[in-house]
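Undergrad: So TrEMBL has the following annotated:
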type	residues	note
BINDING	17, 22	substrate binding site
BINDING	107, 108, 109, 110, 111, 112, 113, 114, 115	ATP binding site
């Protein structure tokens with residue numbers, strides 16, 4: 001991942017904080033800060049499909065985050081001091097999680113549409129849609145995954161031996 005040209009050329013990167021069953025992102029997050037890039041992480045709004053990408057100040061900043069009922073670390077709802085990526089310079093790259101992927105770039109998420117809705121908002125930002133890379137295990141690559149008309153395909157899927 002850290003040798004990928006899109007990663008190397010990106011300054012503003014959004015990345016998920018991994019759950020135990022997902023490709024782990026901790027080392028990527030450390031490298032984002034080591035290389036002087038800006039790091040943004042998701043804050044999901046419950047009972048909706050709204051998500052914001054909020055800026056982390058450091059890799060250690062993760063320890064200050066709140067654990068949600070979904071067992072995901074994220075900035076608390078009353079944390080208004082963090083920059084939201086689309087309120088600033090937008091994003092260059094988003095690393096995306098998922099449950100399954102096909103080789104056409106279709107992604108099966110957890111069903112709420114958070115990333116698809118966020119990417120729609122990105123397309124309206126002056127900086128445009130960021131490049132999207134899904135991080136997957138080889139076992140998550142399928143012949144096809146179900147898609148809806150508002151699903152936004154990922155630009156690239158990285159997995160072992162791809």
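Backbone N, Cα and C atoms are what each Cβ position is placed from, and that goes for glycine too.
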Undergrad: Spatially speaking, which of the binding-site residues 107, 109, 111, 113 is closest to residue 22 (substrate binding site)? Use C-alpha to C-alpha, please.
TA: 109
Undergrad: Which one of these binding-site residues, 109, 111, 113, has the sparsest Cβ neighbourhood, judged by other Cβ atoms within 10 angstroms?
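TA: Among the binding-site residues 109, 111, 113, the sparsest Cβ neighbourhood within 10 Å belongs to 111.
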Undergrad: To the nearest whole angstrom, state the Cα distance for the pair residue 111 (ATP binding site) and residue 17 (substrate binding site).
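TA: Between the Cα atoms of residue 111 (ATP binding site) and residue 17 (substrate binding site), the distance comes to 18 Å.
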Undergrad: Please list, in sequence order, the residues in the chain of residue 17 (substrate binding site) that are at least six apart in sequence and whose C-beta is under 8 Å away from its C-beta.
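TA: Same-chain residues close to residue 17 (substrate binding site) (Cβ under 8 Å, separated by 6 or more) are 25, 29, 41, 42, 62, 65, 72, 73, 74.
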Undergrad: Might you list, by sequence position, any residue in that chain lying six or more from residue 107 (ATP binding site) with a Cβ less than 8 Å away from its Cβ?
TA: 96, 98, 100, 101, 115, 134, 145, 151, 153, 154
